[in-house]
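One structure is given below, encoded as structure tokens.
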Amino acid sequence: MSDQQGLFEFADLPEWEQAAAEDLQVAEVVFNLPLEKPYTYSIPDEFRELLKAGMRVKAPLGRGNRTVVGYCVNVRQAESAIRKLKPIHEVLDSEPLLNDVMLKLTHWIGERYLCGWGQVLDSVIPAGVRRKSGTRLVQSFELSSKADQLIEAGKLPKKQQTVVDVLREFTEPVAATRLCELAECGPGPITALRKKGIVTALRIRSEVSGEMLEDAVQTEDLILNSQQQQTLDKILSAVRSGEHSTMLLHGVTGSGKTEVYIRSIREIVSYGRQAIVLVPEISLTPQTIRRFRCRFKSVAVLHSHMTDSERHWQWQQIAQGQIEVVVGARSAVFAPTPNLGLIVIDEEHEPTFKQDSTPRYHAREVARYRCMQERVPLLLGSATPTLESWLRATRRQDTLLSMPDRVAELPLPPVVVVDTRNDPRIGKGSSLGRALFTSIGRALNEKGQVILFLNLRGYSPTVWCRSCGTGVKCPDCDITLTWHRDRAEAVCHSCDYSIPAPEKCPTCESAAVRYFGTGTQKLEAEVAAAFPAARVLRMDSDSMRKPGSHDEALEKFRHGEVEILLGTQMIAKGLDFPNVTLVGVIDADSMLNQPDMRASERTFQLIAQVAGRTGRSSRGGRVLVQTTNADAPSIKYASKHDFMGFAYHELQQRKETGAPPFSTVTRVIFRGMSEPQVCETAREVANKLRTVAKDLDPEARILGAAPAPITRLRGYYRFHLQIAAPSHERVKLLWQRVEGKLKLPDSVEMAVDVDPINSR
DNA sequence: AGCACGCCGACT
DNA sequence: GTCGGCGTGCTC
């Protein structure tokens, strides 16, 4: 406010203008531009009744007064001390695109994730909704207010009279084509009537498409076991309390979490409220959708492969309260439910809930804030919760609900850790060690199916010793060093520490190895050669590019048309295959040794999730994990199915190093075509941050700048730095102090990632 | 992000 | 003398 007065002194205004300002309505508008605050505009009389917060407007901006589209975020009485304001040019929406809760939520996202409110709004409102896809402006007519007296005055020709008669039967405007049809005439008589002033023309927005939801056959609720029933009772008491609470449902794979979600949702639907269920994009399969569709009458699905008009239509349906349950990926957290009753996030630990472009929000945190505002519960479910969620639960900030047993009392499959350090087959360059090789053979003989899991795509080569099994770590950052072949150096991607590539392992003195693992394609060839009788199917993002191929492949496997399924991440989750008797993790090390703070957590999650893929029938099943580091806690605890043991150990570790969730990390990424320029810019920003932090917040630590773990990406050189601080608030204060003063070269782009989920 | 304003070099 | 190079900073 004070800066505004500084520019245009209140005293400069003539007195009559001050008086006029007293009851002036003004609009606060945000743009998708790097502006810090909303700008204030006057509202011309013609828009006074029309304009509401949540609508988009066109407004003049800058000295040239170019017209820019922005979002009206508030309409209020102007304060008495007001300077001359520019007027809103145009109002683009007839109804708000967002209500007050959503406006507040998007504002919070901007603050929390360090980006502009306008940027958040632009990304949160689907393009199809903004463009009103699936609707068209239709030329329509209605009788004018003076119609009666004009008709009195003179008799009308026959055709024109018919048109008037037709219009008298409607209270609403009639579309031109429809009117011609009903009056059995051409456009002539209508034009004539318009000239006489008897009918008025207007353009009405009308829906073009509007496919109805197919009705799935409704099925009965399942009978819950006592563990599920107890959990449900706790959730229901939270639902009935009418207050917000976050509940973490820790349930092993196969414990029947989905049924508990459904029954919780049933309760809130019975109050006439709506639920939002967030699932990882990859789980948004026809099976998942069917599970909800056959239990609720109206289920909307929001996924990334929808057309603009489909999405717009769904959005409308949701906003009108026609929908009981919204199932969708990350962005469904913004579904405009008029009376929200519950948000469920399944597989809460999945990294896909973090958006990897601006605004880089985490759907869990957005959901938490939204649920707090709407005073409804948030239910997080996972067999392997994030340590962030787990810590909150153990501190009683959130409520912990546990379902430690599988339904039907199936035991979790035994997990065998295979130490491959001295394996003869691996020594000869094979990916399948002796134990795994023989186990596959046996499983196939017994007519079982096999899943082989390999995790490699997009991972960096790490410096790691094959004989003692430890990664070579940075002395300051506790993350594994990355091998740079061209420079013959081992580099830390957190702090830029580097050493010449070691000839020998610093721990056991044997020859250190730079490590490049096997890819899925190479593994496929090897498996096919080793088991020529088996049918092998490879699933990775390369072979599953076209839509639907994913489901198709899984169906093939389910029907037993394939014996061995091998692939990356995407086969680790979701579906049960009763006939799978063996799961092999080819190389747990490639994940464990990633230069990432969460490498250990990821490894645990991965093994736990793949273990959940087997042992789902009486045939039992086992899991084999190949590693050279059998003592790593993530592997040890995962083999015992001991999440709590792992969490306790890992949290201890994080506490010692001051890593999240005991601190917050914000990452700033720089990219550009010129390596020295990017590097220099990143260093400058890091130094500026350090200088400001010195007296503003001595507890904040600046790490780097350093090359990003993926140093080159699509021709860009990438560097990053990290800000570690005790709270988000303090990172914000520090960043805002520095950000304004930065002048980046045009050729270097910068992105800010609060709570990064990976540091690639 | 765009766009106006500014303050220095090569032109009719 | 002027036209225009693009660096700087502001936009209710």
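Cβ coordinates are placed from backbone N, Cα and C, and glycine is handled just like the others.
Under the heading Zn(2+) 1 binding site, TrEMBL lists A:Cys465, A:Cys468, A:Cys505, A:Cys508. Cβ neighbours within 10 Å of A:Cys465 (Zn(2+) 1 binding site), excluding its own Cβ and spanning all shown chains: 24.
The Zn(2+) 2 binding site annotation in TrEMBL covers A:Cys474, A:Cys477, A:Cys492, A:Cys495. In sequence order, A:Thr480, A:Leu481, A:Cys492, A:Ser494, A:Cys495, A:Tyr497 constitute the residues six or more apart from A:Cys474 (Zn(2+) 2 binding site) in its chain with CB-CB distances below 8 Å.
Per TrEMBL, domain 'Helicase ATP-binding' is recorded for A:238-403.
Annotated domain 'Helicase C-terminal' per TrEMBL: A:500-659, in sequence order.
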Other C-beta atoms that fall within 10 angstroms of the C-beta of A:Cys492 (Zn(2+) 2 binding site) = 26
Cβ atoms near A:Cys508 (Zn(2+) 1 binding site) (within 10 Å, other residues, all chains) = 13
Overall pLDDT of the domain 'Helicase C-terminal' (A:500-659), taken as the mean = 82
